[in-house]
Each structure stands twice: as C-alpha cells, then as structure tokens.
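Engineer: Heads up, here are the entries from TrEMBL:
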type: ACT_SITE; residues: ASP319; note: active site, proton acceptor
type: BINDING; residues: ILE198, GLY199, VAL200, GLY201, GLU202, PHE203, GLY204, ALA205, VAL206, LYS221; note: ATP binding site
type: COMPBIAS; residues: 15-45; note: compositional bias 'Low complexity'
type: DOMAIN; residues: 192-465; note: domain 'Protein kinase'
Amino acid sequence: MAALFDEISQQLDFSSCGEEGSSSDNSSDDCTSSIRSPRIHSPSSACRTPRVQRHRSRNSTLSPLQCTSPIPYASWRKLRLCDSPSTPKSLLSKSSQPSSSSKIGGLQRTLRFASAAPNLIQAPFVNVNPFTPDTVRRNSEQQWRNHCRSEDNYGRRLKHSLTSSEEDDEAFLPPKRRAVQAFMLSRYESEFLELECIGVGEFGAVYKCVKRLDGCLYAIKRSRRPLAGSANEQLALKEVYAHAVLGHHPHVVRYYSAWAEDDHMIIQNEYCDGGSLSDVIVKKTVQGELFSEAELKDLLLQVSMGLKYIHSSGLVHLDIKPSNIFICQRPSTSAAGEGESEEEDDRSTSAGVIYKIGDLGHVTSTNSPQVEEGDSRFLASEVLQEDYRHLPKADIFALGLTILLAAGAPPLPQNGDEWHSLREGQLPKLPKELSPPFRGLLQLMLDPDLMKRPSARELCKHTVLREERTGRVAAQLQRELNVEKFRTAMLEKELQEARQAALSPKQNLPFWLKLPIKMGSLPKTGRLVGRKTERSMSFGCLGYGV
Ligand SMILES: Nc1ncnc2c1ncn2[C@@H]1O[C@H](COP(=O)(O)OP(=O)(O)OP(=O)(O)O)[C@@H](O)[C@H]1O
Ligand SMILES: [Mg+2]
C-alpha cells in the first residue's frame, strides 16, 4: 500500500509555484519582512514570554524516523527548528509524545484511504466533527450507525460476488495501471483549472482556480507537505470541521468543499479578490498612505460581526491577524443577500469593501478547548499562561492589535519587553492620532484585564463604530429621498399640465396635440403617470443636489 501511495504521489505531484518556499505571509502581518529572527528573551517578571515566535508548526511534529514525507532529514530539522512565528509550543511538546502520534496514525489512515480510489469493500469512514452541536450529533450518529451496517452488508456481498479470477487479475496487474487510475481520479485536476498561486502560508499553498463545471473562481488551499503521520492532519481536519459547522456568514470566508488527495488536504473556499488585509497594509505603507479613521472603524465593525458569529457558534478563531482577514472588492452574493440583522447589512460598507475572516486552522471550541496557539505577536498573555476560560477575549485582543497595525503601528514584537508592555496596556505610537473615543475603544480591547475587553457582540453595537455606519446609512437615505422628491415634483408638474389642457377650449383635440413641444416626443399612447421614470434624470436640477 505504501508503494502505491508513493507512486500516486509521484503521479500527482503538484509542482507548481511556491510550495517549496517558506511562509510568506507571516511577516507581512507586521508590514515588514525583517522580523523573522526571534529574540529569545528571559523575562525578569514572573510572567511567561513566548520562547520563540509561535505560530503554527503544522509540519514539525514527527521525528525524522517517523516522517514519511520525502523531505530529507537535514531539511526536516530546519523545518522543525526554524525560528518562525509559527512554532507553537503545544505542537512541539506533542511531537515528543508517542501517544499523540499513534492517534494521528489512525486519522491518517482515514484520510489516505478516503483519498484513494473509492473502495466499496472497505468499511466506510465517517469523521466525527467535534464542533457539531450535541443535538445534531446525537441524531446523526444513529443514522450513521444504520448506514454503516447496511454498507457493511453491501461490501460483504460485493466481495463475495467477485470471482476468484477477478481477484487474481487485480493481484497481477502491473502497478502502473493503478497509478494511471489514481491519476485519472485526481479531483483537483479534473474539476479545477489552476490559474495562479495566490499565497503560501505555514500550512499550505493557496491557488486561484476556476471550477471547470460552474466557471466560478475559488481559492483552493492545499497542504504544503503530505499529511501522513503528522499532526498537520489533525489541524487540517480542524479547519475543515470549523468551516463545515460555521456555514455561511458575510464576514467569514465561505467554504465549499474539502477532500484528501495524494495524502494532501485540499480545501475549496470562496475566492476573495482583494487579497488579505496584510497585503493592503503593505501596499499602503509602500505608498505612504494610511487608512482613514472611518475605514478603520468599518474594518473593526465588519470583523467584529464575523467574530460575533464565530463566538456565538461556540467557537474561537485564535489566529486573528491581518494575513487571515480577506477582502472582497465587489459586493459578494453572500454579503448582499444573507444579512440576518441590521448588523449584517453590507450595503453601506465603505467603497464596497467586505472583510472576511479566513484561515480557520486554529479554531477550537470554547467549551472544551484544544488550543493551538496562533502567531505569538497577536497572542494574549492569558493564552500563553494557559488560562483558557475566556478564549473569545483572546480574539478581541488579537483584533485590537490588527486594527493598530492597520492604523500604521510599527511591527509587533514577538517577545521581550515590548511584547510585555503591549500586554500591560501600553499602546504603540501611531503615525496619525486617532480620535479619543476610538483610541479608548482600542485600549479597552487590549486591556490586561480580559473582563474589561468588549465582547464581539458589544463591539457590533458600539456607538463609536455604529455612528460611522449610521452616518453613511443616513446619507444614503437622504440621497434616495432626494430622488423620490424629484420624481414627485415632475409628476405633479405633469398632472398640472394635463389638468390645464383638459380645461382649455380645444377640448375636441387629442390631448397630446395640446402639450408643449418638449412633450411631443412622447409616444401617442404614452401614459401620464409613471412615464417619467423612464427618463434620464439630472439630480440637482431642482435644487436637490446630493
Ligand atoms: N480565500 C482566499 N482568497 C484570496 N486569497 C487567499 C484566500 N485564502 C488564502 N489566501 C492567500 O493565501 C495566504 C495563505 O492563506 P492561509 O492563511 O489560509 O494559509 P495558512 O497556510 O493557514 O497560513 P498561515 O498559517 O501562515 O496563517 C493568505 O495570506 C492570502 O494571501
Ligand atoms: Mg493564514
């Protein structure tokens, strides 16, 4: 079987851009690429300090002997020991625990077999999504059990129906034929046309693809290294579980599908045409531009809406940062039609920009958290101290720092004195001062006392953020009102003219002959009421300028 998978993996080599490169997006969260080397710091205080830049290290959990990936030992060691912001302590410690790797082995089989040619004779695997609400799970578990029983019987019957000669044929077929079969079964290649690589993260490379069937664009995330025998598999599943449970929300990147192929996890997500917030921050920095305060408030409000949704589903993100917030330039269908409350009404977003939370690889449930620390630069100190009682407030903390970066704050420290002072409530200096109420709100989001930090729900209702939106909505309504007033005035004028014509002595002439010349171009059958709506209008001609 191992030989078969080796062969398949050769056939399905996704050798396109970027996969061998190191992560490119972490550094941009601080709008710089020069902060990769860690500053190991021994704190004088009792408080813990991140030992290295801790972000995810989805790839670094196996001993070289266990590792089944083709990465040579030397490179593997580099991966494991690299001082990137992506070396979470929990993964490192897990790597030394044999028990966890045996668990992974079980899961690994699940994915590998599920990804190979579907084999009816094998027992059907159904993953249990740990984020599924209890009630839904209880109902579906019973259904799965019934279903498994019937599939088991079917498998047995099918096996019996195979003649011995068929089985012999299978055994003596050259391995090449299997590889060709597997190649033809590549769902990625048969269903999608890869256009370009749009990002490389710690976990995976992301490709912009067109789905051959529907012609729509998607972002396809593929784990960079094989999942087999690594803790990456659990993390990959975590991301899929979270997406599947979260469903649709205008401010969460939409998920379409996921599957394993060639021992790599592939996730099909909504394509966000504006890239990540991190990209925009870098671009603005290069151009010497800054987000306006109104734009910052809009960003905070939108991401808070996404977080409110995630938190209300009993989950926490735990890796909020600019490179995990994606932008849609156009009003997406999901944003236009799915607003459930006034909070989700996106018609009034500034310049039509919609922010969406993505990269759910660190999501965990609030009730029984299994914390995989995110990027240390955005890590709340209580999470570092393994106090997981109020995890949503860690997301709020990371969001506060994200907004400060968008406001032009210098790169965030990975550890050390600066790291601690940020967590003691000392905000960094900004190139342009914010208004006191807004600055006060950001200060609260970073409060060392997590109980003082506002919840996502509170942020969504906060007057400092709402007044901006309320102002925009009021302006929009005023514009619409002006248009309606203009229409009414035109109709009244026409009505008056029609009445006058009716009272004039030439009553036996058709009324349209009595109309002034400017109206003569109308069709003879033209209706009086409502016909004005077909005309082009010049706003402001009656003093209703907008
Ligand atoms: N849906 C999407 N639309 C557009 N671009 C995307 C999308 N998803 C990811 N990207 C691009 O790919 C990059 C990496 O994606 P993502 O954060 O999901 O991967 P990752 O490997 O989990 O990253 P990391 O672990 O470094 O945060 C993003 O920063 C972004 O530039
Ligand atoms: Mg990411």
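Cβ from N, Cα, C; glycine included.
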Engineer: Radius 10 Å, atoms counted are CB only; among the binding-site residues VAL200, VAL206, which position scores highest?
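Structural biologist: Of VAL200, VAL206, the one with the most crowded Cβ is VAL206.
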Engineer: List the Cα distance (Å, whole number) between VAL200 (ATP binding site) and ASP319 (active site, proton acceptor).
Structural biologist: 16
Engineer: Would you report the average pLDDT that the model assigns to the domain 'Protein kinase' (192-465)?
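Structural biologist: Mean model confidence (pLDDT) across the domain 'Protein kinase' (192-465) is 90.
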Engineer: Could you tell me the C-alpha distance between ASP319 (active site, proton acceptor) and GLU202 (ATP binding site) in angstrom, no decimals?
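Structural biologist: Rounded to the nearest whole number, the Cα-Cα distance is 13 Å.
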Engineer: As a test of the contact definition, list every same-chain residue at least 6 positions from ILE198 (ATP binding site) whose Cβ is closer than 8 Å to its Cβ.
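Structural biologist: Long-range Cβ contacts: VAL206, TYR207, LYS208, ALA219, GLY275.
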Engineer: If you draw a 10 Å sphere around the Cβ of ASP319 (active site, proton acceptor), how many other Cβ atoms fall inside it, taking every protein chain shown into account?
Structural biologist: 24
